[in-house]
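Engineer: Below is a structure I'd like to ask you about.
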Amino acid sequence: MTYVIAEPCVDVLDKACIEECPVDCIYEGGRMLYIHPDECVDCGACEPVCPVEAIYYEDDVPDEWAAYTKANVDFFDELGSPGGAAKVGKVDRDVEPVSSLPPQGE
């Protein structure tokens, strides 16, 4: 099990979670952040600092955002396991359902 970032993060990208993550497993996509499921150690440090409450334990993701569990896995299909977001930097792409969403927060 791991933590998942869901739709409230889209077009917000606050990044407070990145600063809290002790293992650097939160990667920046084009429109939202993604938690690497193999690099996350399930510490939960990211969850309480998210100002839009977009981070959930995998088993607790609300049904309306269930697709984001798969999105957090799919984002890393091309990227693999680079061993830390800092060495990768921003990855200017997103996966479904994020890539097909209209701009959020407007």
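Glycine is no exception: its Cβ is also placed from the backbone N, Cα and C atoms.
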Engineer: Same [3Fe-4S] cluster site as Cys17, Cys50 according to Swiss-Prot: which of Cys9, Cys43?
Structural biologist: Cys9
Engineer: Could you measure between Cys43 ([4Fe-4S] cluster binding site) and Cys50 ([3Fe-4S] cluster binding site) for me? Cα positions, answer in whole angstrom.
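Structural biologist: Cα-Cα, rounded: 14 Å.
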Engineer: Could you say which of the binding-site residues Cys9, Cys43 has its Cβ with the most other Cβ atoms inside 10 Å?
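Structural biologist: That would be Cys9, with the highest Cβ count within 10 Å.
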Engineer: Using the centroid of the Cβ atoms of Cys21, Cys40, Cys43, Cys46 as reference, list every other same-chain residue with Cβ within 8 Å of it (recorded [4Fe-4S] cluster site), in sequence order.
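Structural biologist: Close Cβ neighbours, site residues excluded: Tyr3, Cys17, Glu20, Pro22, Val23, Cys25, Ile26, Ile35, Val41, Asp42, Gly44, Ala45.
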Engineer: How big is the Cα-to-Cα gap, in Å, between Cys17 ([3Fe-4S] cluster binding site) and Cys40 ([4Fe-4S] cluster binding site)?
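Structural biologist: Rounded to the nearest whole number, the Cα-Cα distance is 12 Å.
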